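Pulled from TrEMBL, these are the listed features:
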type	residues	note
DOMAIN	76-168	domain 'Non-haem dioxygenase N-terminal'
DOMAIN	235-309	domain 'Isopenicillin N synthase-like Fe(2+) 2OG dioxygenase'
REGION	142-161	region 'Disordered'
Amino acid sequence: MQQNWCLVHPRGLAQRPLQATKLDELQLRVLARGPILERKTPNAPLQATTALQRRPKQQIETPGDDDIDMAGSGALPVVDLAPFFAGGDEDGVARATEAVREACRSHGFFRAVNHGVPPEVMSRALELSAAFFALPDEEKSKARPAAEGSDSPLPAGYARQPAHSADKNQYVLMFDPKLGFNVYPAQPAGFRDAVDECFARVTQLGLLIQEILNECMGLPPGFLNSYNSDRGFDFMVALRYFPATEEESNGLSEHEDGNLITFVFQDGVGGLEVLKDGEWVLSNKKLKSATHRVVRKPAAHRHSFAFFFATHGDKWVEPLPEFTVKIGEAPRYKGFFYKDYQQLRMRNKTHPPARPEDVIHITHYEI
């Protein structure tokens, strides 16, 4: 299966393809968004740095002799995670950790390889999601979210962007299957097993990346894992983008994700574009959160999966003292509960504002 193109331009969004690779080589893209967390007093809520902000993101690419340092090449950085699975390779772990740190500082978006998620698991999920989306609308509608009575943080199941939305896609949203929120399609056969396995595999990868970020940020060992141990707000989305028309090609408007880490894998159609060297930065300008978008291609549907490794909705989020008062810098964001921000973000999709400037971003909390 031929993997899609990822596009980056040093001065903005541009349609310049990077190297196309196979799914088992490209693996996943990881968007390290980084809420960094701390407890002010024994009874105070834990806090996070601004991983939820309007700024460029981090992606990673197929490793090669010329691909590890991509700061001036316009390409996306690559991180090889193999040392974390091999055991005993301390030098390799140190190099990979430094590669993640640099990618988070320079791009906010990187491509991960040798990450432990089998390519056949991703391929199967893509294949079955494409088969589902090809079904008649009447059949797909059977997997719509329950009208009421669910405790799900977001509506789980099949949905389609409203007709007046600038985004032209349909999707199936899923949480951890153990929570009982999911509404699975009855067809195609095997869909549920495929996406549940994919969810479990990427969750494990998220825990690994979280540990790496903990080291990158210089936090006490296990700090992020302790703060962010509840996986109840993680969710995964299977997406289908419609072919472009002569009039417009927007699939997903430029944005920054509102969670901790985002993983993306997709088919060979392409269309994901990442902004680099823009004016947006995170963690009080210590890490970047990459602005990205999806541009639809003519005469082709695009299929992808995005996994949002999040923090629990009841967690309090604000810049850490390590990146503010302890280094003599003022916080750039007010504190907020994560669930409040998540609901505002979902409303962007369910009730798209008439004016793009009214879409809620992390700038909503800027001081």
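Using the three backbone atoms N, Cα and C, a Cβ is placed for every residue, glycine included.
What TrEMBL says about a protein is an automatic prediction, not a curated fact.
Here the structure is a predicted model, which means the values were calculated and not measured.
Looking at the shown structure, can you explain where the listed features end up?
Residue counts for the domain 'Non-haem dioxygenase N-terminal' (76-168) under DSSP (helix as H, G, I; strand as E, B; rest coil) come to 44 helix, 12 strand, 37 coil.
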As a test of reading the model: what is the averaged pLDDT for the domain 'Isopenicillin N synthase-like Fe(2+) 2OG dioxygenase' (235-309)?
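Mean pLDDT, the domain 'Isopenicillin N synthase-like Fe(2+) 2OG dioxygenase' (235-309): 77.
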